[in-house]
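Before any comments, here is the structure.
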């Protein structure tokens, strides 16, 4: 009985989260084209925010640079899956040492995995910085990384097409692909959270100096979480590219960063459930606001562009003031019934023990 | 030739120092890394656009009014309720304020970039000691230089400045010695508003256009300069901003043309390096705990 309870304890949160993700996927798979699009992009966001949460949730350090991993995954997918003839015309002036980029080709699943791996490599390169910094300095450093990435992607025109869009990526991502990867991301994130390294990292989140004094190599665990989250965010980038079939470098800049930050802060950045719930809720909110802005609720009167952004920003500010740790705080989603039963039993036990204590 | 370069570099350095102080002041007093700073600059720049037909000094005055009002309103609505929050929460909040102000601008007055006709007198060129210098560079230099002197006087010689510096040093201690939070924090926002309005006016004159996202670049310059100089002291921050401006002018004239596009990548790599190697800033002597 005790073992079964422990097993239930270990699997109930990821099971509930995957259930939520499945719900979103089913809504997407049964709805019309727009619904499917919104649901799939919401699932891509779930993958990303889950990845971000692997780092931020466990270490307590906010990152503003994770979109660069998404960009790495998306560009890798583009290089690998755009048909070779089209690629030859898109990248007609590749520098010599990169000319092999025009000839490589692979299927979408391979590109997906490689996209994650390339992002992980970027993560390995940047990990030493993250391992050393905390708090605001880490925030600024990760933002600087994003700015560097953006600058390179935007200016290295021969290789990245600069500010022109990347086009002609075959549609590889379906709603079910997105669901599968999102479920995988939840499992990986939960697994890391419960692992030895994750536990030590969470200890350092609660009290940095106490953790260090207890012999926890905080930097090393931060780096581990950083690389793992880079991999997951790379996957989300590959899904994103494979779903939209074209993307622009401006999709991987401050607007995207801000929208993911809203998701993770609204949900609660210290909890995995918060990340998943926040990603789904904010995706839904953004879609509602988009329709509102297009005038679907106000009888066709289009509102000026920017209304949606303004409302999202206002929502974020209210959340920051009223509940700085988001909807979930440090809690995870659990089965409510069980907790109630446990509480009832604990109450019964206490009553049973009372006479013993008195005598 | 060298004199032209010097005036250009010093002018840019003074402008960057101005921008940097605006970021460093709020960081020192509030622990707020203010990403909405760019939108204050936008508010000032918008006033320059709105009053483009009026005399330039009047437009400048209105720019200061606009930026100060926006700064005070944002303090009241967003940062006042978060006064005891940790720096990262404040930083996220300032992200939100920045986005909100930007979308407001986009919704109402600036759906797209607008040109601002250059002031006639700014495009003149004069010759000083044989060098051919544009009035714009001179005005940049003089205006930013004077502003820096005013800030230095304000911080060093007035009671408000001493209170501000005390608050930046240790807010709780200063508060218990009678420094009023409700006085110094709005005062800091007013100063920042004035600084950003001057910066905005100079930027409009240099770029000749305004757009809803024009605040991003100067805001980043302010952040980089403040980190380089060490965020704890205003003097260090001003020097950091100045060196950044001079280095930018130098990079632009020294870098090979095909690398100029990557200037920002170089700058931000340097920023990360400074953060990792000397988190207390290049120019600050103080030890800062890496945490």
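Counting begins at 1 with the first residue displayed.
Just so it is clear, glycine is given a Cβ too, placed from its N, Cα and C backbone atoms.
No curator has checked TrEMBL annotations; they are predicted automatically.
What you see is a predicted model, and the numbers here were worked out from it, not measured in a lab.
For B:5-29, B:35-51, B:58-79, B:85-105, B:126-155, B:183-206, B:218-247, B:259-277, the entry in TrEMBL reads transmembrane segment.
Of the recorded ranges B:5-29, B:58-79, B:85-105, B:259-277, the transmembrane segment (B:126-155) has the largest number of C-beta contacts under 8 angstroms with B:5-29. Same-chain neighbours of the transmembrane segment (B:183-206): 15, 18-19, 21-22, 25-26, 29-30, 34, 37, 40-45, 47-49, 59-60, 63-64, 66-72, 74-75, 79-80, 83, 116, 118-119, 122, 136, 139-140, 143-144, 147, 151, 154, 160, 163-164, 167, 174, 214, 218, counting only residues six or more beyond its ends whose CB sits under 8 Å from a CB of the stretch.
For the transmembrane segment (B:218-247), the residues of the chain that approach it from at least six positions outside its boundaries are 9-10, 12-25, 27-28, 33, 35, 37-38, 41, 98, 148, 151, 155, 165, 168, 199-200, 203, 267-268, 270-271, 274-275, 280-284, 286, 288, judged by C-beta separation under 8 angstroms. Remote same-chain partners of the transmembrane segment (B:85-105), defined as residues 6 or more beyond its termini with a Cβ less than 8 Å from a stretch Cβ, comprise 30-36, 38-39, 42-43, 46, 70, 74, 78-79, 212-213, 215, 219. Counting only same-chain residues 6+ beyond the ends of the transmembrane segment (B:259-277), those with a CB under 8 A from a CB of the stretch are 224, 227-228, 244, 248, 251-252.
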